[in-house]
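Please find one structure pasted underneath; my questions will follow.
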Amino acid sequence: MAPVQLKNKESQTARIVGSASAGILELSLFHPVDTISKRLMSNHGKITSLTQLNTVIFRDAASAPLLQKATSLFPGLGYAACYKIVQRIYKYSGQPIVKDFLNENYRHTFDKTFGKGSGKAIMHATAGSIVGIGEIFLLPLDVLKIKRQTNPAAFKGRGVFRILADEKFALYRGWGWTAARNAPGSFALFGGNAFAKEYIFKLKDYSQATFFQNFFTSIAGASASLIVSAPLDVIKTRIQNKNFDNPQSGFTILKNMLKFEGPTSFFKGLTPKLLTTGPKLVFSFTMAQTLIPFFDKLLK
């Protein structure tokens, strides 16, 4: 059977520009929120008072004036900018490339296995999962960003190039856990978004969604993604925020979490993450889906 051709396929330039713009807008609004979320996930033990919460969030600036507290939430901004923009370009412009490939070569298989509507949505989800696994090549930037946010002492006065030279492949520590987190997380993100467009809004061409439709379907995808990936995300974050000279394996962290903190520790930071990372992901996903068609029309 001949492959189904995609209509109104956006240019790759529009995908890159739209994704980069979404990443820049996201970073400018949500970097402090991301810092708070990472620090809460990295905290061991229970928070029992507002004073303790203040210390966990603001670290050394806990007793500082308000302005200094605010600026303390912007550590590693350079790493964050580089990582976030590259990651959004890769994720939001890369998924359509994989989706186009699957559509041209395996669309009939998806439709036959899952049905026409579900097959299309699962194809989008599968493309997202494949791209999500590939994100591990960005791990060094992610590691540097998280360490700067949660464990700045790990830098010990070294610059980024010195760290890259010293640590080499150690910066990919936890790559397996990252891939294990990204595969279902990205599947749920793009799958939830696609299913909402397919069955709630009855869209035949997902790129024709309105801003409201993109916003609503992004909420569905982002919520599913964060819940599905939460346990592995906690492990990944703890692997990455350890000192360079005192690493711990994911299985050691897993064992200690079960032994000392209990099963609920795997969902530490989930509520603030849904309230903080959730809007961030919804915002960037909505903007990418809206800006890519916009730039495609603008550049034609």
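Backbone N, Cα and C atoms are what each Cβ position is placed from, and that goes for glycine too.
According to Swiss-Prot, the protein has these features:
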type	residues	note
REPEAT	10-101	repeat 'Solcar 1'
TRANSMEM	16-36	transmembrane segment
TRANSMEM	70-86	transmembrane segment
REPEAT	119-199	repeat 'Solcar 2'
TRANSMEM	121-141	transmembrane segment
TRANSMEM	178-198	transmembrane segment
REPEAT	212-294	repeat 'Solcar 3'
TRANSMEM	215-235	transmembrane segment
TRANSMEM	275-295	transmembrane segment
Restricting to the repeat 'Solcar 2' (119-199), what is the model's mean pLDDT?
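Taking every residue of the repeat 'Solcar 2' (119-199) together, the mean pLDDT is 85.
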When you scan the chain for residues with a C-beta under 8 Å from the transmembrane segment (178-198), skipping those not six or more beyond its ends, what do you find?
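Contacts of the transmembrane segment (178-198) (Cβ under 8 Å, skipping residues fewer than 6 from its ends): 91, 95, 117-118, 120-122, 124-129, 131-133, 135-136, 139, 142, 206, 209, 213, 216-218, 220-229, 232-233, 236, 281, 285, 289.
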Where, among 16-36, 121-141, 215-235, 275-295, do we find the most CB pairs under 8 A to the transmembrane segment (70-86)?
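Answer, by Cβ pair count: 16-36.
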